[in-house]
């Protein structure tokens, strides 16, 4: 059997009196009505709940039943037979009265068993008869699920019970039904009429009661918060969704801040009120909820650099700052004011996140402006350098100004190191012209520089040799002369200049045609004296070279044989093989000093006779190994180096004891090209 939900001063069932085994009637309550019995549970549960036949049950006397008690009347005494049983109504007779005390004699006991009791324990004999099948009426009503908790309190059925005229109404928890018990048939008919109305009124009363409870709690909270700290702020209506967050996530996060007691939201006014124990807690909760919008003006010419390729730069700013989004205003958008030549970047997020985004963007703008200033300064310097270097550039040169020019072309250390800023330069430097040797492993100067790699191509040398005659030659053009000049001081050892020999293929042919002529006139390796007013390292003017080349040579002038004997490397024979019979000559400075003391100015005559091809081969070897500072490269040396093979010689000491750069040697096969 299910239990009953009781509450208030209303009995949880229909009150009855149940006859015990000793004839006394004990108080009980009817919980259910069956065909021939009723389910009774006793007061204080002194006995277990059980079904009792109608013959052992009667209704209690009416509440208005009152009868004066006199001597000799039969009465019922509220008493108990032993300590284990509760009190019940036992039948007795009044033997004597004295004031408020009555001497009673129990009918079931001997006449000698008397007891003195007060008037409160006496009542007239109950006139109700024992119950029958028609003594009790029951009506059940199904309770909606949302009202079951409310119906468990019997106080809510007080008016319904009065309207029905029922004896009791209670909720049976077992089957969630409302039991209506009565001793008359009228409540049964009315229950079907008033049932739906009763449930509707219950629902309305529950809603009002819940609102009253919330209002009461709010009143108590307001009284507590009146003396606490609070923060009040307003958020734009279109940003309320961001402020509240997904499913109220931001409000929940703000409420979890230690020290925050309550957060109120005025939806109509978009106003937040935060109450807390400390002002720091209120401010921290406000930082989670206060969303706003602010803009930063960006110069129009820097918009592309601020956004970056595919928006990478601006996306990094958004990720680092934590803003919700950023919007770049278009020209047609008139929502926000625009300054002249400026484009607004509008950030949306909390005030702290917007402040971080503004700091990042302003720093990036200042960086871009500084870079632009440096770029403009560099452009001005470049323009000034172009104007200064215009007088030294050949007028007809088509090599981009990088194939040589003035002696200052070698002083390009700073500009060479700044190639990260300017990958293309229009002044100074090397490897910039057409048809020149190009290197990617080093600057325009350095240890890896080699004069042979910077020389003209074979086609250019053929054109020059074809244009040149066996005797005089026109001075080289200004661009060619500048390419043959020695580079100025810079990084690495200085490059080795080309020798000044004046032999070529056409002059050799003339010697072969005229055997009686002096062959040594073609092999002059002497150096012209530089002019007094020329600077060190500058080649002599073209007119001086022309006059020097036409001067008749005497026996005092050095010949190719001198250079051949002083060669540092192995000589090449006419068959192109190394001459291993001759040892290497290393101390050339001592031999020159000894040669200066001779009267004829020549070497000893005990040498083997050599051919003209040997002279030419040795002269070419000498010209390739001539140390720096001896002579400047001449136009004839450029056209005369047409060897069919090139061999590398090991590094040897120069006249001043320093190591020279690696040299490339060429040789003629069979003495002719």
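All residue numbers here begin at 1 and follow the chain in the order shown.
Yeah, the Cβs are placed from backbone N, Cα and C, and that goes for glycine too.
Looking at the domain 'Agenet-like 1' (14-60) alone, the prediction's average pLDDT is 87. Taken from Swiss-Prot, the feature domain 'Agenet-like 1' covers 14-60, and the record attributes it to sequence analysis.
For 78, the entry in Swiss-Prot reads phosphotyrosine, with the evidence type similarity to another entry. Counting every protein chain shown, the number of other Cβ atoms lying within 10 Å of the Cβ of residue 78 (phosphotyrosine) is 14.
Taken from Swiss-Prot, the feature domain 'KH 1' covers 228-276, and the record attributes it to sequence analysis. For the domain 'KH 1' (228-276), the DSSP counts in helix, strand and coil order read 18 helix, 19 strand, 12 coil.
Annotation source Swiss-Prot lists domain 'KH 2' at 291-340, citing sequence analysis.
What Swiss-Prot lists as region 'Disordered' is 388-673.
Per Swiss-Prot, compositional bias 'Gly residues' is recorded for 397-407.
Under the heading compositional bias 'Polar residues', Swiss-Prot lists 413-422.
Among the features that Swiss-Prot reports, phosphothreonine is placed at 413 (among others), with the record citing a large-scale study or a structure entry.
Among the features that Swiss-Prot reports, compositional bias 'Basic and acidic residues' is placed at 458-483.
The compositional bias 'Acidic residues' annotation in Swiss-Prot covers 526-536.
Look at Swiss-Prot and you will find 584-596 tagged as compositional bias 'Basic residues'.
Per Swiss-Prot, phosphothreonine is recorded for 599 (among others).
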